[in-house]
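> Let me give you the structure first, and then I'll get to my questions.
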Amino acid sequence: MKVHLTSLGCAKNQVDSELMLGAFAAEGLTVCDDPAGADVLVVNTCAFIEDAVNEAVDTILALARYKSEGSCRRLIVCGCLPERFGEELAGALPEADFFFGTGAYHRVIEAVAGKESTLSRCTLPPPDAVPMQAAADRRICATPHTVYVKIAEGCDRRCTYCIIPRLRGRQRSRPPADIVVEARGLVAAGAKELVLVAQETTAYGADLSPPVSLASLLMALSDAVGDIWVRVLYMHPDTMDPDLIRVMTERDNLCSYFDVPVQHASDRVLKRMGRRHTAADLHRLFDDIRRADPDAVLRTTVLVGFPGEKPADFEKLLDFITGVAFDHLGAFIYSDDEALSSHGLDGHVSSKTARHRYDRVMTAQIDISSRRLAKRVGSREPVLVEEKAEDGLFFGRAWFQAPEVDGDVCFSGAGDYAPGDRVSVRITGASAYDLTGEAQ
């Protein structure tokens, strides 16, 4: 039997998809890239914001055509969309045969393998009813040299703009020994970069007995994996501490790369968002990081157009962005949804105003990023090769560039470099987000 899986959404969703693909292969099923040739179609969905919901529904309907026009016999929907809408979704999408919430990924294999006699059409246990899945065989969806490792699931916070706790449940951390075992296996299989992800990586281990810290996990991984890059994403300012900063800035194989989404820098807006820190707290945190390592790279995410965001609040955010001078920054426009606590707040910002503020943020960041990247011209940087172009050029990333969200390095060289190779590159040029160079 042939099965095709479409994965939507974030890197954390990608890990769930890779675990399912591993389970399919272990069951003796053939995983195929082309949905037209599959007997069973699976779509792992996202439902974080309205655009993600729309994309998921459109994808399901597009795949459903293979049931009526092709060889597909079964269409299975799993992940955040069924978790959010449940039986309502099943009623609206008769094209799909089975629906599984985020607490039932481990049961998708039953529907795929034709063991559905024990299943109802919708399988929706509480999202946190099942512990984090132990290390298992995965079929890596993207490049085998850069692999995401999910260290925890769920979130205990209640930010008013976020639906994740409802979709993913309370935080559950994986035992550190289990993560180290998986990391060693991935490195043995060819991984050159491990990217740690969770809803909040810096809260890792607080729910374990006895509690452990992200810093202790990173030290164990640093000792275990050798000369590869270990990168951490999705850090929260409230759960960062001096020990974590010290470990990340002192260990050679831990990228001194701090992805800390701040969302805003107006104390009034932060309070409405359900964030517990202040702008002063954020300034102190980033000062501490750069004091520990002046070459540390800072990335953040901000949210503009949040209900009640006044012009003065936005100016505080803009001043904060330019003052800290983040190496990388992503911005989003607030997406209202009746499922959010923020839906009931007053002072909703018009879409025109929100778009204008977004444009101002990104314009400011282009200038900041251009200046910071220009400082790297003339330096020699290790670059992880990701692609060989037909014209003899190569594309890759330096340690200060995370996959998918940051820029890349385009370089020339006489060597026959392959994806996964690490090459010393002299940086010769810089733009707003990307670098050019020559292999040395």
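Note that the numbers count up from 1, one per residue, in the order the chain is shown.
Glycine is treated like the rest: Cβ placed from N, Cα and C.
What Swiss-Prot shows for this protein is this:
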BINDING   C10, C46, C80  [4Fe-4S] cluster 1 binding site
BINDING   C155, C159, C162  [4Fe-4S] cluster 2 binding site
DOMAIN    1-117  domain 'MTTase N-terminal'
DOMAIN    141-371  domain 'Radical SAM core'
DOMAIN    374-440  domain 'TRAM'
> Helix, strand, coil residue numbers for the domain 'TRAM' (374-440) per DSSP?
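Tallying H, G and I as helix, E and B as strand, the rest coil: 1 helix, 33 strand, 33 coil.
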> I'd like the number of other C-beta atoms within 10 A of the C-beta of C155 ([4Fe-4S] cluster 2 binding site), please.
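22, counting other Cβ atoms within 10 Å of C155 ([4Fe-4S] cluster 2 binding site).
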> Same-chain residues six or more away whose CB lies under 8 A from the CB of C162 ([4Fe-4S] cluster 2 binding site)?
C155, L340
> Out of C46, C80, which of these binding-site residues shows the lowest number of other CB atoms within 10 Å of its CB?
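Fewest other Cβ atoms within 10 Å, among the binding-site residues C46, C80, is found for C46.
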> By DSSP, what is the split of the domain 'MTTase N-terminal' (1-117) into helix, strand and coil residues?
62 helix, 23 strand, 32 coil
> Sorry to bug you, but what's the C-alpha spacing from C159 ([4Fe-4S] cluster 2 binding site) to C80 ([4Fe-4S] cluster 1 binding site), rounded to the closest Å?
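Distance between the two Cα atoms comes out at 18 Å.
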> Near C10 ([4Fe-4S] cluster 1 binding site), how many other Cβ atoms are within 10 Å of its Cβ?
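Neighbour count, Cβ to Cβ under the 10 Å cut-off: 19.
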